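Chemist: According to Swiss-Prot, the protein has these features:
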- G94, S95, V96, A97, V98, G99, K100, S101: ATP binding site (BINDING)
Amino acid sequence: MSKEQTLMTPYLQFDRNQWAALRDSVPMTLTEGEIARLKGINEDLSLEEVAEIYLPLSRLLNFYISSNLRRQAVLEQFLGTNGQRIPYIISIAGSVAVGKSTTARVLQALLSRWPEHRRVELITTDGFLHPNQVLKDRGLMKKKGFPESYDMHRLVKFVSDLKSGVPNVTAPVYSHLIYDVIPDGDKTVAQPDILILEGLNVLQSGMDYPHDPHHVFVSDFVDFSIYVDAPEDLLQTWYINRFLKFREGAFTDPDSYFHNYAKLSKDEAINTAASLWKEINWLNLKQNILPTRERASLIMTKSANHAVEQVRLRK
């Protein structure tokens, strides 16, 4: 970090080696087998990546969480109350195919294994998409993931209830197999110590929803936000490669919403994936996701093979 660079940006910038050095003496608590189970269908997640990127991040988060708990204790002492358990909320945003889910799962595993043994829940905002029938009725099936495709009132109420100390809060669950919210498939979240909220839209604010104005937003309740970033050419490549793997795997299931794609030749599949990327996911990235990047507390930038090459931490 040059002095001039540090002064001109709201972020502290670290290359991979600088960030890895901040691990200090935090022990590795995951085995190679566990790491293999955490990674996404299209990602290379190594022991080295966890040690050099995610362990320093978990150390930083542990400091923030401990500080937050001390602040809560001070408030309780001042008020003379025994406070409710209020979860620390971490949000993870970024493009489709960038690896948000893997980042979320790795952090969940690491944070739950700190000596404090905190309980960590993971929720994706996919569950808060409107059901397919609603999207069809509104002509929004090709806008899945865009702001107007979400039940934002329900998502905001979910995080608001958690931050208000409500003992049991329910979240809808999304199935990528049927490409829809699971009817009556709600998951109950019971006052975890930490909630990781992962999704395309978790950094968006009211200005991103002019069609559906309300005064509070998800980002108002988030304690620490992460944006997983990568160059657009890599994102497109990862999206297409993931589509090809799904074509040979999940799409072959007769119950899959995309079962017809399993019958495509490789060239047809590549062309289909490229079209889906350009017409839907790239458009959403440019219009609604990328503009929220600089709202994040921390930005992780990936290079080839999903390896993080740079970390920017808000001062």
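Note: Cβ is positioned from N, Cα and C throughout, glycine not excepted.
Can you walk me through where each of these features ends up in the structure?
Modeler: Following the DSSP three-state reduction, the secondary structure of V98 (ATP binding site) is coil. Within its own chain, V98 (ATP binding site) has V228, D229, A230, L235, W238, K302 as residues 6 or more apart in sequence whose C-beta sits under 8 angstroms from its own.
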Chemist: Quick check: with G94, S95, V96, A97, V98, G99, K100, S101 left out, which same-chain residues have Cβ atoms within 8 Å of the centroid of the ATP site Cβ atoms?
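Modeler: What remains near the Cβ centre is V228, L235.
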Chemist: Are there any residues at least 6 positions away along the chain from G99 (ATP binding site) with a Cβ closer than 8 Å to its Cβ? List them or say none.
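Modeler: The answer is G40, E43, V228, W238, K302, H306.
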Chemist: Which has the fewest other CB atoms in a 10 Å radius around its CB: S95, S101, the listed binding-site residues?
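Modeler: S101, out of the binding-site residues S95, S101, has the fewest neighbouring Cβ atoms within 10 Å.
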